[in-house]
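Enquirer: Encoded as structure tokens, here's the structure I'll be asking about.
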Amino acid sequence: MNLTPEHAQKSSPMSWTVGGKTLNSRLLIGSALYPSPQAMQGAIEASGAEIVTVSLRRQSAGDQAGKTFWNMIKSLNCHVLPNTAGCHSAKEAITTAQMAREVFETNWIKLEVIGDQYNLQPDPFELLKATETLVNDGFEVFPYTTDDLVLAQRLVEAGCNILMPWGSPIGSGKGLMNPYNLNAIRQRFPELTLIVDAGIGKPSHAVQALEMGYNGILLNSAVALSPNPITMGKAFKSAVEAGVYAFDAGTMQERDLASPSTPVVGTPFWHQH
């Protein structure tokens, strides 16, 4: 392929801006559930992720293990995305977010307000309430939400520049259970930053979401619970790159019937039809 100057100057498809930061990895990764701190560090480095999610509860433990964990996170030179994991009300999430801003010195917050302990589904009412307050308080809210289009609209109206709909319940590894809904959100908000959060279990799930036009992937369990987290981190790095480049290139149109890929010119006449 001959690259014109226009093509040559085009920035890498991997480059994107989220929360005011320009990054070169579309993968956001969690810091929990790893078999050891060393496995966590190795897996995150292998994944190439530039954003790491952390829990205020983990950092606030105050013991030596908590300090070791935090020092290791800082050594990764990644942007920290604090979360409100474990919160079940807007009030609780708002308080946690405000504390996280002081501890981690960032206005980013991954907003989680869980409404059901059975499948860890977000509470849409409390999530929206917390979002409105935190946006007004100067936070860049990364809301963990469902794939409901109306809720997505309300969150955008509340001031969200980013949406993070789930692929499937947290930790389930079931991938994208409702591609139709996810695609509807993408089509409804073509310019918004969209990140699939939760349910990613395999690298192929990440590829599917990115081929759909989603901007990023947030995962934790898929890497942390792999028998080999470091190798799985590498696998997701490659998968995310494949998905982004595939979307940028554009995939072929599906056909109902076969279409020969080999031309018949020069084929012996007795093989031509």
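From the backbone N, Cα and C atoms, a Cβ is placed for every residue, glycine too.
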Enquirer: Looking at 1-deoxy-D-xylulose 5-phosphate binding as recorded in Swiss-Prot, which candidate out of GLY159, GLY171, GLY250 goes with ALA198, GLY199, ASN220, SER221?
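Expert: Given ALA198, GLY199, ASN220, SER221 bind 1-deoxy-D-xylulose 5-phosphate in Swiss-Prot, the matching entry from GLY159, GLY171, GLY250 is GLY171.
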Enquirer: How big is the Cα-to-Cα gap, in Å, between ASN220 (1-deoxy-D-xylulose 5-phosphate binding site) and LYS110 (active site, schiff-base intermediate with DXP)?
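Expert: That comes out at 14 Å between the alpha carbons.
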Enquirer: I'd like to confirm something. Which of the binding-site residues, GLY171, ALA198, GLY199, SER221, has a Cα closest to the Cα of LYS110 (active site, schiff-base intermediate with DXP)?
Expert: ALA198
Enquirer: Have a look at the binding-site residues (ASN220, SER221) and report the one with the fewest Cβ neighbours inside 10 Å.
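Expert: Sparsest of the binding-site residues ASN220, SER221 by Cβ contacts within 10 Å: SER221.
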Enquirer: Secondary structure at GLY171 (1-deoxy-D-xylulose 5-phosphate binding site) (DSSP, helix/strand/coil)?
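Expert: Note: GLY171 (1-deoxy-D-xylulose 5-phosphate binding site) is coil by DSSP, not helix or strand.
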Enquirer: Look up SER221 (1-deoxy-D-xylulose 5-phosphate binding site) in the DSSP assignment and reduce it to helix, strand or coil.
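Expert: DSSP call for SER221 (1-deoxy-D-xylulose 5-phosphate binding site): helix.
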